[in-house]
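Undergrad: Before anything else, here's the structure in question.
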Amino acid sequence: MALRRPMVAGNWKMNGSAQLAQELFKKFATKLQNDSAEVVLCPPTIYLESVRQQLDANKEALNGCLVRMGAQNLSQHDFGAYTGEVSGQMLKDSGCRYVIIGHSERRRMYGETSDIVAEKFAAAQKHGLTPILCVGESGPAREARRTFEVIAEELDVVIEKNGTMAFDNAIIAYEPLWAVGTGKSATPEQAQEVHAFIRKRLSEVSPFIGENIRILYGGSVTPSNAADLFAQPDVDGGLIGGVSLNSTEFLSLCSIAMSA
């Protein structure tokens, strides 16, 4: 069985501040115990530099604990007249290691199709970033028992456009749309069922990738349900939304992941 390091990725969405970055790192420096889990902060682009400064300032205090920086989105284009967009190279220059691709809010609010998501996935890898690909079904799709069908389609488009080894350097986040920001989380059993399907699906393309890829759960994860979710054999941590803005609760999730 592969030893997959758990990850807790905090997606601030359009929230946060430089002060929040400072507050988080102050607690990281005294509370994070080891490198058994990886912590990723994904602030709005304007605060990437604030997080980077805190990473540099607290490097010694973190004592080897794995705290990384990620972005919430990138352009599929390398450069050009794309007002308001940020390229993969720009994110790499800013110190990012990860970038969230295809979040349900981007797909729903900004019309990002699966083809666009696949292009952004490729752009991230081209510039040395690890994409965190979000997949998930809507409430009606789950009720119609189409969960696996929807997720398979979202995975297959990425493979078709980027090749069978596309997920060799990637992370997947399963975020059921009916749980994102609603306060209603999937049960541990529901999460495990879908994560196992994703792993099996990718194993059909590459057994190595299927066994080793990290699959996060995202959707109303809190300190009260994280332990049961993270204990599932195919759940490798969480993509965290609202709770990532509360330094105490987010640190609690990190501690739970480290002991999972």
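Note that Cβ sites are derived from N, Cα and C of the backbone, with glycine treated the same way.
As the structure is a computational prediction, the values presented were derived from the model and not from experiment.
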Undergrad: Which of Ser36, Ser203, Ser220, Ser259 shares the substrate site with Asn11, Trp12, Lys13, Gly181, Gly241, Gly242 per Swiss-Prot?
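TA: Swiss-Prot lists Asn11, Trp12, Lys13, Gly181, Gly241, Gly242 binding substrate, and from Ser36, Ser203, Ser220, Ser259 it also lists Ser220.
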Undergrad: Hey, what's the Cβ neighbour count for Asn11 (substrate binding site) at 10 Å?
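TA: There are 25 of them.
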Undergrad: Rank aside, I only need the closest one: which of the recorded positions Trp12, Lys13, His103, Gly181, Gly241 has its C-alpha nearest to that of Glu175 (active site, proton acceptor)?
TA: His103
Undergrad: Across all the protein chains here, work out how many other Cβ atoms are within 10 Å of the Cβ of Lys13 (substrate binding site).
TA: 18
Undergrad: Largest pairwise Cα distance, Å, within the listed substrate binders Asn11, Trp12, Lys13, Gly181, Ser220, Gly241, Gly242?
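TA: The span, Cα to Cα at its widest, is 14 Å.
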Undergrad: Among Trp12, Glu175, Ser220, Gly241, Gly242, the recorded positions in question, whose Cβ has the most other Cβ atoms within 10 Å in this structure?
TA: Glu175
